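Trainee: Swiss-Prot feature annotations, pasted as is:
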REGION    40-118  region 'MCE/MlaD'
TOPO_DOM  1-6  topological domain 'Cytoplasmic'
TOPO_DOM  28-167  topological domain 'Periplasmic'
TRANSMEM  7-27  transmembrane segment
Amino acid sequence: MRQTIKYEFWVGLFLLLGIGALVFLGLRVANVQGFAETKSYTVTATFDNIGGLKVRAPLKIGGVVIGRVSAITLDEKSYLPKVSIAINQEYNEIPENSSLSIKTSGLLGEQYIALTMGFDDGDTAMLKNGSQIQDTTSAMVLEDLIGQFLYGSKKSDGNEKSESTEQ
């Protein structure tokens, strides 16, 4: 009887450790920093095309993650994608004239937003909660690039043929 209780205790402990490890790995994979919220401020930007950008996509400066996409909506007036970005509070010295562009990690990787710092000449305001970044560059969609390449090559083939027939 005593041996059975000891055996059940160790099996239960092992099971709890396994469940804890799975929860830990799940949070790491989901890129969740824990249950405590990091202090951040939110800025918005409007793009012509966001491609496959998703909520929780990283905001990076030089490859370093400084924030995440918190929401993606459609602007009611212009019908363009409006992206809300939560920037970690420790990065509060970003000039308002900075620019955003949507990039892709690798050829077919996840999309992220790259922030290029603007200049700070003393009179330039810094981003704060509710600011809007005006200078944006939309995502380059792979299908569009392939279409342009194919269309461009057909056009040049057609021009070459017409030039050779004129001679």
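Even glycines carry a Cβ here, placed using N, Cα and C.
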Trainee: Could you give the number of helix, strand and coil residues in the topological domain 'Periplasmic' (28-167) as assigned by DSSP?
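Mentor: The counts are 27 helix, 49 strand, 64 coil.
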Trainee: Could you give the number of helix, strand and coil residues in the topological domain 'Cytoplasmic' (1-6) as assigned by DSSP?
Mentor: 5 helix, 0 strand, 1 coil
